[in-house]
């Protein structure tokens, strides 16, 4: 609550509420959607360790362990490495000391990667990601006014990018469109933070979208409600947002046959 990194000052995290919101998040993935959820143990020496997305990028059978841009977060990789090894994934470690990469800067569209060049992710980190996932095009996108690329965008469907309305978000989207040979549909929401959502395609459920709750971002929630083909699940994230956390930050999605 006190030591997690944050880009701006503000009220302290309400730990009890943060815990309730996180339990609801995990409960939706495990209970409502029937996914297998592996929970990493909390490490009290690493105040940002709940944001597991930043320390690994997983695509198909390969997992890239990142080198987070904030030095205080680099030990978080160790617990992630142990759990990914237990899943028999091909592990690639980012050992170049000139490279930094946070998973929050990595947007995988299903066709290609976009990597945000931000305060936490540099060009060398993006190059190592491109070397790791050679089957996919990798394009870089400057990120100036936000912590990560996914602070204002994410995938909201198979070909659908959810994007915030700010000038910085729209400029980044324009860059992505110019870089790509593919045309994506876009879903523009009024609030940048609400553009970070979790899309899942689950065989028994179809298109599923976890998005920010109406009590947090009412106008953005109305936009998501237009997605009539999706199972929409609102999730509150009031507390972790105080320390720059988004919905995608707290999980690493792995598409793998069950062997657990």
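Note that Cβ sites are derived from N, Cα and C of the backbone, with glycine treated the same way.
The following features are taken from TrEMBL:
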{"type": "ACT_SITE", "residues": "148", "note": "active site, proton donor"}
{"type": "ACT_SITE", "residues": "249", "note": "active site, nucleophile"}
{"type": "BINDING", "residues": "5, 48, 53, 54, 73, 120, 243", "note": "substrate binding site"}
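Sequence features annotated in TrEMBL and their locations in the structure.
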residue : record                    : Cβ within 10 Å
5       : substrate binding site    : 14
48      : substrate binding site    : 22
53      : substrate binding site    : 25
54      : substrate binding site    : 27
73      : substrate binding site    : 21
120     : substrate binding site    : 24
148     : active site, proton donor : 27
243     : substrate binding site    : 23
249     : active site, nucleophile  : 26
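The Cβ centroid of 5, 48, 53, 54, 73, 120, 243 marks the substrate site; residues of that chain outside this set whose Cβ lies within 8 Å of it are 4, 51, 68, 70, 102, 104, 244, 249, given in sequence order.
Each residue contributes its Cα atom, and for residue 243 (substrate binding site) and residue 148 (active site, proton donor) those atoms are 13 Å apart. Looking at residue 5 (substrate binding site) and the residue listed as 'active site, nucleophile', their Cα atoms lie 14 Å from each other. In this record, substrate is bound by 5, 48, 53, 54, 73, 120, 243; the longest C-alpha to C-alpha distance in that set is 15 Å. Within 10 Å of residue 249 (active site, nucleophile), counting C-alpha to C-alpha distances, fall the following of the binding-site residues 53, 54, 73, 120: 53, 54.
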